[in-house]
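Asker: Sharing the feature lines straight out of TrEMBL:
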- 97: active site, nucleophile (ACT_SITE)
- 101: active site, proton donor (ACT_SITE)
- 17-211: domain 'GH16' (DOMAIN)
- 105: N-linked glycosylation site (CARBOHYD)
- 1-20: signal peptide (SIGNAL)
């Protein structure tokens, strides 16, 4: 699927310079001991998982709105039971969070790309996809475009999901809490693959995911409580972006909370009527 131009329009609403990141400069390894590594003079980061532990990292900066890109190459082969998480999050019981999670599978079966949005501590807004390529063979770009009007999830420049600001309908929207970028590789064999039916094959360990080409066109939040941006206006997907989004969701979406009537017997969440 080809790249599209809608993101450039949205990014233009932010008065902020693009930052091509270095893992040495912009991130810190947070857990896993030697299982997390920054290599190639800061241009490559790898996370590994074995039976003893997974690993993770986070950004040094916090951000409040912007576009975040990261290229990932996921765990190859039999990755069943593993989860590679890449997300933005604030802290605390009423935290905000924007999630990509990649649920591993048996060799030859597709990864499940799991997305979710938390606002004021409430999530349960899952949409899942099977990708149209093998995410373990090459690096691919996974992006979050976050502004006061919407959150757009994209893969290689193609939108797969939009969560719009519907505060007028009583739906909380992440807009006040700055968030860091986090990523981790961990064992979730109790639920990750076919609901936990397929367990992790530890004879395949260590499992490794790789990261490169981090880029932020985003508003950095300072410790004094101010933003690096002079303004943060918002814009949703245009008609071209909406068409691309519908195509992806028609062909590659495998779960949508907004159609799960059994899960919400008292009625679907209010944002689903506008999805």
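Quick reminder: no glycine exception, Cβ is built from N, Cα and C everywhere.
In TrEMBL, annotation is done automatically, which means it is predicted and not curated.
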Asker: Determine the Cβ neighbour count for residue 101 (active site, proton donor): the number of other Cβ atoms within 10 Å of its Cβ.
Answerer: 19
Asker: Hey, what's the Cβ neighbour count for the residue listed as 'active site, nucleophile' at 10 Å?
Answerer: 18
Asker: Would you mind listing, in sequence order, the residues at least six apart from the residue listed as 'N-linked glycosylation site' in the same chain with a Cβ closer than 8 Å to its Cβ?
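Answerer: Correct list: 79, 80, 111, 112, 193, 198.
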